[in-house]
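A.B. asks: Pasting the feature list from TrEMBL:
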COMPBIAS  512-522  compositional bias 'Acidic residues'
DOMAIN    24-506  domain 'Major facilitator superfamily (MFS) profile'
REGION    510-538  region 'Disordered'
TRANSMEM  20-45  transmembrane segment
TRANSMEM  65-88  transmembrane segment
TRANSMEM  100-119  transmembrane segment
TRANSMEM  125-143  transmembrane segment
TRANSMEM  164-190  transmembrane segment
TRANSMEM  213-232  transmembrane segment
TRANSMEM  348-365  transmembrane segment
TRANSMEM  371-390  transmembrane segment
TRANSMEM  402-421  transmembrane segment
TRANSMEM  441-462  transmembrane segment
TRANSMEM  483-502  transmembrane segment
Amino acid sequence: MASKQLQVLATLDAAKTQWYHFTAIVVAGMGFFTDAYDLFCISLVSKLLGRIYYTDPARPDPGTLPPNVAAAVNGVALCGTLAGQLFFGWLGDRLGRKSVYGMTLLLMVVCSIASGLSFGSTPAGVMATLCFFRFWLGFGIGGDYPLSATIMSEYANKKTRGGFIAAVFAMQGFGILAGGIVTLAISTAFRKAFPAPAYLVDAAASTVPQADYVWRIILMLGAVPAILTYYWRTKMPETARYTALVAKNAKQAASDMSKVLQVEIAAESEKLDEITRNRDYGLFSSRFARRHGRHLLGTAATWFLVDIAYYSQNLFQKDIFTSIHWIPKARTMSALEEVFRISRAQTLIALCGTVPGYWFTVFLIDVLGRFAIQLLGFAMMTVFMLGLAFPYHHWTTAGNHIGFAVMYGFTFFFANFGPNATTFIVPAEIFPARLRSTCHGISAASGKAGAIIGAFGFLYAAQPQDKAHVSGGYKPGIGVRNTLFVLAACNLLGFFFTFLVPESKGKSLEEMSGEANDEETSGNDVATAVQPSGVQMV
């Protein structure tokens, strides 16, 4: 099969790792740092919100967010993210990756600050305002997913492309870690400045008035990394693949990349006309369904399944740690001490399991391939979830809590050295340039649909079956143990759906999408050509 490719794209594929690669990683990666900080820091302060706004000192336990409020506070940003992924993914293919890249970051900055300034004269008013701004914060975060992944994939060379995209995504781990560290520091400072007794000792005094500043400061600090990289985002040139293959401006693509790579590149306008002729099929065409329909199903389904498990774990670590008595009962602590202990536990998990998993992927993905890492991750997540679920009563007894935390940490490690990273990488590599951002947005939105199920579903499902132990306002659920079985089943399904996703290691984006071929092959031919050796499609 004869292959033809523009010189500018071939030069990008063969380029040695240069300074502009690292610049792109940092600029795109700081967006993901901010994304993770903003999405997950809410779990660190939601217990504090319950204490501040819903405590009745006459009750034996401090206040908690009512079920509907807790679901909204934890999940509304995910709803915004889903909408943003679809909208900005589509817009990135219509207006260009760079044209809308600054919009997402600006929206994140404004809404991070506004979330911390949430106002209202009643608890309901404060929560409603907070949810409003967190929805639009999520909307901006959603746009970062397809745009960052697509920009990095289109800038990278084919030899180390997976590692570069993974490095952008790995900044999410540092964002989660930063959220824990920032919360630790702020809660420690406020505890020392405003000491308070445990709720058991003095219910009214256990939550000092200054605690209201804590959650606001934590949320607003999410704007800082976004502000620092906004200027550089606006200065990034449009990717050559968008300019050439979508905007069909070979001269501009060659000019932009000549400056970036510091080499002379021919425009090849006539060759571009030949390459792009009769290739403008749309997302809902039979041609797309034949060539890439199975791939889109695979990327969307695997991302959906991994996010059910990943987000339910991340957003509700505090509840799991409380259920195994790793964090003491709320009544035995002051409000700020509870924030401190929750952030300490989540920081430890991030440091030991979450962050290392991301960087194993960065260094090994272009060696082992996306397919193998995703299969391994789903398989090991299933194993460790079952290892937590079957002897769950053993883990909840005194003396076994450290073992539970270690096993729990391994599920995060293999999520990030596995499908949480690869589901972000692969959709940016296997679809045609004119639909790449859109398809990545669809895949990512499918993941956020899973995250919403995980966030809302876990909140209710993890409630104990015994009515006597159910949190106020909730109905009995299936318990943490049975919820872990459900999450294990999701991971097992993800393992099998991985067989719909092609291997893209070492191939150019045009090879993966069929844009480099004289004649487009059928979807089956493409899928067969890119599967790992010895692996058959199911």
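Backbone N, Cα and C define each Cβ position, glycine as well.
Burial and contacts for the listed features, if you can.
C.D. replies: Confidence across the domain 'Major facilitator superfamily (MFS) profile' (24-506), taken as the mean pLDDT and rounded to a whole number, stands at 89.
For the transmembrane segment (20-45), same-chain residues at least 6 beyond its ends with a Cβ under 8 Å from one of its own Cβ atoms are 73-74, 77-78, 81, 104-105, 108, 112, 134, 137-138, 141, 144-145, 148, 151-152, 155-157, 164, 167-176, 178-180, 182-183, 214-215, 218-219, 221-223, 225-226, 228-229, 232-233, 236, 260-261, 314-318, 339, 342-343, 346.
Same-chain residues lying 6+ beyond the ends of the transmembrane segment (164-190) with a Cβ under 8 Å from its Cβ atoms: 21, 24-25, 28-38, 40-41, 44-45, 148-149, 152-153, 155-156, 208, 210-211, 213-214, 217-218, 221, 314, 336-337, 339-340, 342-344, 346-347, 350-351, 354-355, 357-359, 361-362, 365, 416, 421, 424-425, 428-429.
Residues 23, 26-27, 30-31, 33-34, 37-38, 41-42, 44-45, 48-49, 52, 102, 105-106, 108-110, 112-113, 115-118, 179, 182-183, 186-187, 190, 336, 339 of the same chain, all 6+ positions outside the transmembrane segment (213-232), place their C-beta atoms under 8 angstroms from a C-beta of that stretch.
Within the same chain, residues 162-163, 166-167, 169-170, 172-174, 176-177, 180, 317, 373, 405, 408-418, 420-422, 425, 505 sit at least 6 positions outside the transmembrane segment (348-365) and bring their C-beta atoms closer than 8 Å to a C-beta of that stretch.
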A.B. asks: Among 65-88, 100-119, 483-502, which stretch has the most Cβ pairs under 8 Å to the transmembrane segment (441-462)?
C.D. replies: 65-88
